[in-house]
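K.L.:
Below are the features listed in TrEMBL for this protein:
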type	residues	note
TRANSMEM	26-50	transmembrane segment
TRANSMEM	70-86	transmembrane segment
TRANSMEM	136-154	transmembrane segment
TRANSMEM	197-220	transmembrane segment
TRANSMEM	241-264	transmembrane segment
TRANSMEM	276-294	transmembrane segment
TRANSMEM	306-324	transmembrane segment
TRANSMEM	330-348	transmembrane segment
């Protein structure tokens, strides 16, 4: 299927696109577009692990503000900008080098589906977790992450049904806000997040309200409207309601299972291991969405239940029934390691299959020699 995306965001169209058009001219023509995509992702990943090193349990900013060095925040602003730039120019570069492929599209969206959660998890270190005075609670973090992932899912569910990816306005805005937040933290210090901004509200409260507003009143209605319009024009990809809603089953079940674990965990697992738990949420979600993206690109039907749901259901049942006892954290650690490994393995396998099928290399513009 031919890739089509629509971007109507004024911030993107009038401000960012001209910047990307200048940056793209610097990129040598021999560089493969996937290399740009992947470099951006690696930077986000590296930045995430760097912040985790200084702030494993999300308390550094709230307890002793100097724990995370200033250079880390400035480095975060730099890596976020680079990743944003690379993610924005990879498609342009592919067209420029005439190397646009389904592999590139899948690679881009697949890594985005994982990067989305990593951006959010890095940002939580800025606002820090609730310490009675300032910060956000781990439950707010979980809900915040879920909303961002829900937004991401919506745009791909919409593409599954309409064949067109409407780029959500929230993307460019969130990237610019993230970069500004890191710069602010680096220059002023984390204290800026711990003082009320207006009427006793903190900056973090304002951001959460903005995110909710954007999602529920802009992104989601826009998705439904676009699907409805395609329905009226008779351009929908799927005839039945069942077919159209099928990709939503696994992500929603995933959310239900995770929420049951969060709410009913005997040892309060989210408060004990927020970083581990939220990372696991991001990875499982990314794998579920990647399957939907593959189905949408290959015009195949997604399976009703993603296989991650079965081991997850077992773990959740064992945890909330008290079977795991004091082993709950250890089991979360093992489960997180396994799903992360499975997700990476899946990505490598799909990449290799597609590169063989399309007769191209993932990270090089050279053609494969036919055996």
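Counting starts with 1 at the first residue shown.
Cβ coordinates come from backbone N, Cα and C, glycine included.
Show me how these features fit into the structure around them.
P.N.:
Residues 58, 112-113, 116-117, 120-121, 124, 127-130, 168, 170, 174, 204, 208, 211-212, 214-215, 219-220, 223, 248, 251, 255, 262, 270-271, 274, 277-278, 281-282, 285, 289, 292 of the same chain sit 6 or more residues outside the transmembrane segment (136-154) yet have a Cβ under 8 Å from a Cβ within it.
Note on the transmembrane segment (241-264): residues 139, 142, 146, 149-150, 153, 156-157, 160-161, 227, 270, 277, 281, 284-285, 288-289, 291-292, 295-296, 301-306, 308-309, 312-313, 315-316, 319-320 of its chain, located 6 or more positions outside it, place their CB under 8 angstroms from a CB of the stretch.
Note on the transmembrane segment (276-294): residues 106, 109-110, 113-114, 116-118, 120-121, 124, 141-142, 145-146, 149, 152-153, 156-157, 160, 247, 250-251, 254, 258, 262, 269-270, 300, 302-303, 306, 308, 312, 332-333, 335-336, 339-340, 342-343, 346-347, 350 of its chain, located 6 or more positions outside it, place their CB under 8 angstroms from a CB of the stretch.
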K.L.:
Could you give the residue numbers and ranges of same-chain residues that sit at least 6 residues beyond the transmembrane segment (197-220) on either side and whose C-beta is under 8 angstroms from one of its C-beta atoms?
P.N.:
127, 134-136, 140, 144, 147-148, 150-151, 154-155, 168-170, 173, 177
K.L.:
Which stretch from 70-86, 306-324, 330-348 shares the most C-beta pairs under 8 Å with the transmembrane segment (26-50)?
P.N.:
70-86
